[in-house]
Amino acid sequence: MNKKVTLHDQDIADLINKESHRQEEHIELIASENYVSEDVMKAAGSSLTNKYGEGYPGKRYYGGCEFVDEIEKIAQERACKLFNAKYANVQPYSGSVANAAIYMALLNPGDSVLGLSLDSGGHLTHGYRISFSGIFYKSYTYTVNQDGVLDYDEILKIAQEVKPKMIICGYSAYSQIVDFAKFREIADAVGAYLFADIAHISGLVIANLHPSPMGYADVVATTTHKTLRGTRGAIILTNNEEIAKKIDRAVFPGNQGGPLFHQIAAKAVSFYEALQPEFIEYQRQIILNCKVFCQTFINKGVRVISGMTKNHLFTIDVKTSYNLTGKQAEQILSKMNITVNKNTIPFDTESPMVSSGIRLGVAAMTSRDFKEDEFIILANLIDKALREPNNETLHQVIKKEIAKLSHSFPIKRNYLDKK
């Protein structure tokens with residue numbers, strides 16, 4: 001997909017082109033990455049980059065906003081349609097900024113929050129001690145059980161003990177279905193707000209392949225990349241008018257200044273693509289691919305956290321299965337042009353920078369038209385490589401096989417044209 005970039009600044013041009021080449025050559029299994037369409041890239045690289053403004057459509061602090069106002073309104077309308085929401089803020093620069101705005105809107109500094117622990121699959125912004133969410137707020141955690149799944153009775157028990165003002169559900173490395181109705185019951189039992197972070201599963205939610213949190217959560221946030229396959233950024237959704245007003249104030253002026261209009265336009269374009277039938281088929285293929293990918297590892301005796309996946313990702317315990325750390329596994333696979341990320345596993349004894357697992361996601365390679373057969377081949381190659389981590393001869397053979405796969409499935413320019 002990626003065309004060679006030419007710039008007066010040769011240093012940056014060379015690095016951009018090297019990164020484009022890396023993306024073409026590597027098998028991308030990082031669950032938070034995907035390939036946007038050329039249309040999304042055009043919007044993100046458009047003249048909208050030049051336009052500055054503050055505030056919201058019809059209520060700007062700068063002139064000349066008549067066209068960006070319309071773009072932002074279209075993005076809002078499409079986001080609401082995709083998720084069956086009444087209100088959408090499409091300005092957040094990133095998922096972390098969106099989450100920070102939600103904290104600011106609903107909490108006061110020092111208020112308590114309850115989220116999934118990082119090693120169980122939670123996110124930094126869900127109360128981790130080195131994040132703003134753990135620095136400015138009193139954070140408590142729940143974990144998965146020994147089987148790697150959420151225990152809602154235990155979560156209720158913890159919530160009753162700590163009485164959080166906000167409960168967070170939605171994760172960065174959890175492969176099972178999230179029961180938002182159960183979380184609503186828990187939140188109601190302790191008088192807490194419920195915040196659903198669906199950054200990873202939003203594409204699946206759109207396609208009705210995972211239950212939606214709308215109608216259960218007080219507020220919902222998602223990034224616009226990952227399974228949504230849009231530009232980098234985030235949106236915040238709610239059905240509550242008063243919360244919507246608080247969210248708007250928390251985004252601007254609370255956490256951000258001027259919106260990135262080029263990114264809002266790119267979000268709108270990706271929402272347009274997500275409203276098409278092709279997007280639903282893509283999400284269905286993600287589920288099919290991930291199940292086969294996961295099952296192939298299970299068949300080989302590999303320990304998969306939480307068992308068979310029900311979404312677009314899963315985490316394997318490489319320490320138990322291959323006597324490797326996550327860091328070692330990531331480095332070994334990288335030499336063969338397979339990109340993964342090391343990941344903590346529940347009750348991990350290793351630090352996050354080392355970890356005992358690797359997280360595998362299928363969204364990016366499904367965008368390149370990988371089907372079940374390709375993921376079976378890929379699982380077998382990964383398993384071989386990790387079982388013989390010091391066999392350089394084998395690794396060179398695997399690298400050649402990976403090259404064949406990547407060249408057979410180039411990055412696509414668009415996802416709507418059949419030609």
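For all residues, glycine too, the Cβ spot is worked out from N, Cα and C.
Among the features that Swiss-Prot reports, (6S)-5,6,7,8-tetrahydrofolate binding site is placed at Leu118, Gly122, His123, Leu124, Glu242. Per Swiss-Prot, site 'Plays an important role in substrate specificity' is recorded for His225, and the stated evidence type is sequence analysis. Marked as N6-(pyridoxal phosphate)lysine by Swiss-Prot on the basis of sequence analysis: Lys226.
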Spatial separation of Lys226 (N6-(pyridoxal phosphate)lysine) from Gly122 ((6S)-5,6,7,8-tetrahydrofolate binding site) - C-alpha basis, Å: 16
Cα distance (Å, whole number) from the residue listed as 'N6-(pyridoxal phosphate)lysine' to His123 ((6S)-5,6,7,8-tetrahydrofolate binding site): 15
Chain-internal residues near His225 (site 'Plays an important role in substrate specificity'), provided their CB is under 8 angstroms and they sit 6+ positions away: Ser32, Glu33, Asn34, Val36, Thr231, Arg232, Gly233
His123 ((6S)-5,6,7,8-tetrahydrofolate binding site): tally of other CB atoms within 10 A of its CB: 23
Position of peak Cβ density within 10 Å, selected from the binding-site residues Leu118, Leu124: Leu118
Cα-to-Cα gap, Glu242 ((6S)-5,6,7,8-tetrahydrofolate binding site) vs Lys226 (N6-(pyridoxal phosphate)lysine), nearest whole Å: 29
Separation of alpha carbons, Lys226 (N6-(pyridoxal phosphate)lysine) and Leu124 ((6S)-5,6,7,8-tetrahydrofolate binding site) (Å): 17
Conformational class of His225 (site 'Plays an important role in substrate specificity') under the three-state DSSP mapping: coil
